[in-house]
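*Asks:* Below: one structure in structure tokens.
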Amino acid sequence: RWQKIFTIPLWGKFAVFWNKMFLTTIILLIVLFLDAVREVRKYSAVHVSEKAVNINTGAFDHIQMKLFRAQRNLYLSGFSLFLWLVLRRTVTLLTQLAKQMASHAALETQVISATEAAKKYMAENEKLQEALKEQGSGQKKESAEAADGKLKKEVEQLKAELQKTSNALHKANNDVTAVKRQSEGLKREYDRLMKEYEQLQVGGSGSLHEHNV
């Protein structure tokens, strides 16, 4: 399904701008993340200093509200940055998997074709040997032996090609298996991070509610 989606002509037009868009988004998220870190450090220091001098409640609540917003922006920008990298890696793995599956199908077709050709040459070789036994003529026998030797060489070449294609098919199967394992591991890591992100949101909302009370 993903292979069919990625082969749509429309994606080919956007493929040229994909890397530029990815890098631009990464830079934007990094800038937002660094700005959020700066805001958290800034208001954390102000929060501690103002609390130490016991200022009025309104100003203290205002500083605490800004600190909470800075922490929220830090979480959002940090997880957005990480999830954007995860999305990029997921798309790359899906593309590799689609290519490996297509290569796997092509190799299977080559193996079937080589097997059928080898069977055909072996059948012709057997017929030639039977004709050679029936004729028993010296000159014809020599020409038949020459043709038989030629057929044997072709059969050996086909067997070698068949072995080579089988090795390539085995390697392609191993590559597809490795890509599937990477995709499954990435999915499990993504689910774990989403659970942590939901827990952080619940914890952040609880702390804000307690503060407002």
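Placed from the backbone N, Cα and C atoms, the Cβ positions cover glycine too.
Note that the coordinates shown come from a computational prediction; the quantities given were computed from them, not determined experimentally.
What TrEMBL lists as domain 'BAP29/BAP31 transmembrane' is 1-106. Residues annotated as domain 'Bap31/Bap29 cytoplasmic coiled-coil' in TrEMBL: 153-205. The region 'Disordered' annotation in TrEMBL covers 164-184. According to TrEMBL, the feature transmembrane segment maps to 15-34, 74-91.
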*Asks:* Can you give me the average pLDDT across the domain 'Bap31/Bap29 cytoplasmic coiled-coil' (153-205), rounded to a whole number?
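*Replies:* Mean model confidence (pLDDT) across the domain 'Bap31/Bap29 cytoplasmic coiled-coil' (153-205) is 75.
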*Asks:* Per DSSP, what is the helix/strand/coil residue tally across the region 'Disordered' (164-184)?
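*Replies:* Across the region 'Disordered' (164-184), the residues distribute as 21 helix, 0 strand, 0 coil.
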